[in-house]
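The structure appears below as structure tokens.
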Amino acid sequence: CKDIDECATGTHNCRADQVCVNLRGSFSCQCPPGYQKRGDQCVDIDECTLPPYCHHRCMNTPGSYYCQCNAGFQLASNNHTCVDINECDANNPCAQQCYNILGSFICQCNPGFELSSDRINCEDTDECRTSSYICQYQCVNEPGKFSCVCPEGYQVVGGRTCQDINECETTNECREDEICWNYHGGFRCYPRNPCQEPYVLTSENRCVCPVSNAICRELPYSVVYKYMSIRSDRTVPSDIFQIQATTIYPNTINTFRIKSGNENGEFYLRQTSAVSAMLVLVKSLTGPREHIVDLEMLTVNSLNYRTSSVLRLTIIVGPYAF
């Protein structure tokens, strides 16, 4: 006897949605993969309700299913596991620096830039607006950075601070009969021989009126020329210059006073000893400007002999407070 294949001859009674399976001496009606019998019908098996087939999300289809991954992941070759997408390697979305994280990425900017509101692009950071003290004089914003500049007569030191340029050492433009005097923010040329008749030059910056000249009896015996520079808007009160007798005579009394140049009361002369006094700045000075102050020392001896000497102090106030 030879088995009859009912499935091949079509003599089975399986439904159209069923699969005929030949058996020895018989046949069986089975459901295709992904379906299960319920009574005489084949109904779809919802694989997504069974133990997890998928790493992230399961999508059921008639007779089958497929897996989906969350944003930032992609299906592995087994079609079940989800692996992270390295967005920085695949298609760098960041304008500058990209850092991959699990399921996503973050963007960062180079120094001097900050993230835009879209968290992808970078905008220049205006460091000059963050603080008014970032530069001593003036801040200039540049893409990704900033620089400090100084006014004429100064140079940038340490990237932010302004330092006076000593033009007398670099570009001395004074004549041979002049001396160069550097001050904060510039320089000036003064005559090497500042003496005016009837005074004669005896040493550097020192002029003496000869006693043999009758005119000199009513004039200070000597005039010494000194120069100094101070910054603008200096804190007051402030000791700025000391005057001292160069020759001390016995049995004499010295007194000091501001002879001229203090019409607005910017200075005060404080006697510190029998032979010295200190010039005090009591009102703040704003530059650029020049003050010429005559400081006089009167000397009187026991025989009522009087003589005087003058120190002519030229004070140059710089244009800035640095």
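Using N, Cα and C of the backbone, Cβ positions are placed for all residues, glycine too.
Over all protein chains present, the Cβ of C48 (disulfide bond) has 16 other Cβ atoms lying within 10 Å. The disulfide bond annotation in TrEMBL covers C48-C58 (among others).
Cβ neighbour count for C98 (disulfide bond): 18 (other Cβ atoms within 10 Å of its Cβ, all protein chains included). The disulfide bond annotation in TrEMBL covers C88-C98 (among others).
Across the domain 'EGF-like' (3-43), DSSP assigns 4 helix, 17 strand, 20 coil. According to TrEMBL, the feature domain 'EGF-like' maps to 3-43 (among others).
The domain 'EGF-like' annotation in TrEMBL covers 44-83 (among others). Remote same-chain residues near the domain 'EGF-like' (44-83) are listed as 32-36, 102-105 (criterion: CB distance under 8 Å, separation of at least six residues from the stretch ends).
In terms of DSSP helix, strand and coil, the domain 'EGF-like' (84-123) has 4 helix, 16 strand, 20 coil. Taken from TrEMBL, the feature domain 'EGF-like' applies to 84-123 (among others).
Under DSSP, the residues of the domain 'EGF-like' (124-163) split into helix, strand and coil as follows: 4 helix, 18 strand, 18 coil. Taken from TrEMBL, the feature domain 'EGF-like' covers 124-163 (among others).
Residues 110-114, 184-186, 319-320, 322 of the same chain lie 6 or more positions beyond the ends of the domain 'EGF-like' (124-163) yet place their CB under 8 Å from a CB of it. Around the Cβ of C88 (disulfide bond), the same chain contributes C94, C98, Y99, N100, F105, each under 8 angstroms and 6 or more positions distant in sequence. Residues near C58 (disulfide bond) in space but far in sequence (CB under 8 A, at least 6 apart, same chain), listed by position: E47, C48, P52, Y65, Y66, C67, Q68.
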